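Below you'll find the structure, written out as structure tokens, and then a few comments.
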Amino acid sequence: MSSEDLQDHHEIGNEVIKKKGVYTKKKCQDCFFLILFLLFWAGMIVVAAFGVKNGKPDRIVKGTDQYGNICGVNNIEQGILNETQARDTTNEPYVYFIYYPDLIGINYRVICIEECPNSTYTDLNDPNQLICDYGTVPATNQISPNGTCMGKIKSKLIFNRCIPDVTNTSVVLNSIVDEIYQFVNNQLTSDLSVEILTDLTNSWRYLIYGALIAMGLGLTWIFLLRFFAGFITWLTVFAAYACLGLLTAQVYFQWQDSKDAYENTIPSQRLVMQEKNILALKVIFIILCVVCGIFALILLALFSRIRIAIRIIKECSRAIGIMPSIFFFPIFIFLLLCGFTVYWVYIGVYLATAGSPTYDDQYRFTGYEADSKLQKIQIYHFFGYLWTFAFILALNQTTIAGAISSWYWVQDKKDTPFFPVWSSFFRVIRYHLGSIALGSLILAIVQFIRWVLRFLEKKFKGKEAYLARFIVRCLNCIFGCFERFIKFLDKNAYIMVSIYGYSFCQGAKRGFQLVLTNILRVAAVNLVSSFLMFLGRVFITAATVGISLYLLKEHENLSFYIIPVILIGFIAFAISTGFMSVYDMSIDTMLLCFCEDCERNDGSPERPYYMSKSLRKFVDGKGRSKCC
């Protein structure tokens with residue numbers, strides 16, 4: 001920083017102190033990026049309108065007949081199919097397979113019916129035991145050779161489809177059942193992304209339950225940490241590890257149970273989704289075992305330093321105790337994140353089913369094909385999620401930083417501004433949204449590049465493109481490190497922006513200089529406190545996922561229930577991040593304020609320090625009078 005910039009910076013700092021911790025001569029910064037963000041969201045609204053207009057989630061949820069009619073709706077009014085194919089199936093909500101033998105084996109027709117048959121035919125000469133295609137009347141004493149009429153088979157309802165439920169039947173009938181199971185497997189795996197989104201839609205209540213559980217655990221953790229910092233910190237360490245161990249054991253036993261059930265099923269009647277669930281549980285179990293081992297090593301390495309981190313947490317608790325509304329701010333952030341995620345998934349389901357229907361050579365529905373225009377729209381929608389999610393988290397970080405800094409920069413802490421959290425929030429809304437938009441945009445771009453690299457790595461998998469796969473993995477590793485650096489830079493920039501009203505680039509520059517100058521002094525605090533906050537996230541996430549896994553494993557309408565559980569895990573981690581960010585951001589803000597305090601003041605009566613004695617003693621290590 002040049003001497004002229006440093007002089008301007010000191011003048012701004014003195015203004016902060018005069019105004020009881022709040023710099024009042026702020027102005028809007030980075031306005032261009034705020035306008036860009038608003039224009040991008042105008043595009044998101046257009047994308048949502050396109051998805052709602054063209055998407056048909058019922059195609060997957062309710063199923064279709066071989067003509068493309070959605071079961072359980074009036075397809076004539078929807079006007080998707082031509083007049084000769086469209087049919088009103090309002091009173092026919094279930095998919096049924098009319099099977100019949102032909103020259104190449106077993107063939108089938110697909111229709112919508114009122115209810116699944118509850119018994120298997122015994123006499124094909126009885127018209128009441130036959131089921132026919134649309135417009136065909138069962139003929140007495142005969143069945144149709146082309147499959148328009150065949151005998152009923154007792155069926156059970158799976159994913160809105162009538163699947164034969166037969167035992168001790170003839171070889172021919174078992175062959176028919178095998179064919180239908182194969183058809184269901186093909187249909188359910190024809191577009192796995194659509195099926196996953198459908199499962200998320202069917203389990204929306206459990207997603208909300210999981211979010212509420214995570215929110216309750218987060219509020220409890222923060223409230224107790226305020227009054228019992230030392231006890232809760234140690235409890236968090238052991239509880240997080242215990243929950244992780246219990247979750248590992250639960251996943252192991254559920255993996256074994258699922259594998260046993262799969263092996264006891266007739267091979268021809270095994271669903272692909274069962275196998276995918278077993279594989280997913282096995283992979284998750286192995287990952288959890290590795291994570292448990294890593295956590296054990298980290299705990300051994302940081303055991304003595306955890307006591308030091310407790311002191312800084314207590315100092316943050318002093319600041320938070322003066323502003324109790326800070327406990328409720330994560331709820332506001334949670335509502336924003338939850339509402340936006342629900343909106344994004346909802347529109348995503350519509351976009352995933354907005355493609356053109358595809359059919360086989362007998363004009364039976366097989367899936368959907370997205371053209372290049374739809375693919376670009378889906379990419380736009382995905383990037384919007386990354387940018388907006390980062391924007392909301394940045395809003396939380398900047399608000400917390402502004403509230404804590406307004407407490408730090410007053411000699412008498414009773415002079416802290418009234419309602420510091422919400423005052424800081426309104427300052428952010430008024431002056432700093434452009435800076436937040438820029439910081440979150442940079443982070444979203446890096447995250448998007450990493451997702452593209454993951455896609456390329458998956459595309460090269462199984463092919464003899466070893467060099468390309470190696471390059472992609474290296475790039476993914478590099479951008480992973482770069483993403484962590486951007487998050488670090490963003491956080492420091494938001495702190496300086498909230499204190500002095502800098503633009504994003506100015507704040508990032510000044511924040512990085514402060515950390516670089518005091519790197520040895522603050523590194524240990526940052527490392528230990530960040531690890532403790534991460535343990536809090538693990539505790540909340542592991543407990544939430546464990547409860548959700550128990551609730552969802554018995555859900556009948558989910559074909560791949562691990563996906564909702566994983567999403568609940570992400571939601572719980574995001575919610576816990578919002579809660580932990582209160583202490584995490586408080587610690588980082590205090591450290592940067594401390595460095596600023598050291599640079600500007602020397603402890604003399606004319607230029608006294610603003611830090612508390614306990615904080616100064618902790619950071620200085622030996623309680624020396626010299627600050628830096």
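Backbone N, Cα and C define each Cβ position, glycine as well.
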(message) Are Gln29 and Asn264 on matching sides of the membrane - judged by whether Swiss-Prot gives them the same topological domain name?
(response) no
(message) For the candidates Asn168, Asn557, I need the one that Swiss-Prot annotates as N-linked glycosylation site.
(response) Asn168
(message) Labelled transmembrane segment by Swiss-Prot, one stretch among 382-402, 466-486. Can you tell me which?
(response) 382-402
(request) Please figure out which one of 320-340, 382-402, 433-453 racks up the most CB pairs under 8 Å against the transmembrane segment (560-580). (result) 320-340
(request) Output the single range from 32-52, 227-247, 283-303, 320-340, 531-551 maximising the number of Cβ pairs under 8 Å to the transmembrane segment (382-402). (result) 320-340
(request) Check the transmembrane segment (227-247) against each of 32-52, 283-303, 320-340, 531-551 and return whichever range has the most CB pairs under 8 Å. (result) 531-551
(request) List the same-chain residues at least 6 positions away in sequence whose Cβ sits under 8 Å from the Cβ of Asn118 (N-linked glycosylation site), in sequence order, or say none. (result) Lys154
(request) With the transmembrane segment (205-225) as the reference, find which of 32-52, 283-303, 320-340, 531-551 contributes the most Cβ pairs under 8 Å. (result) 531-551
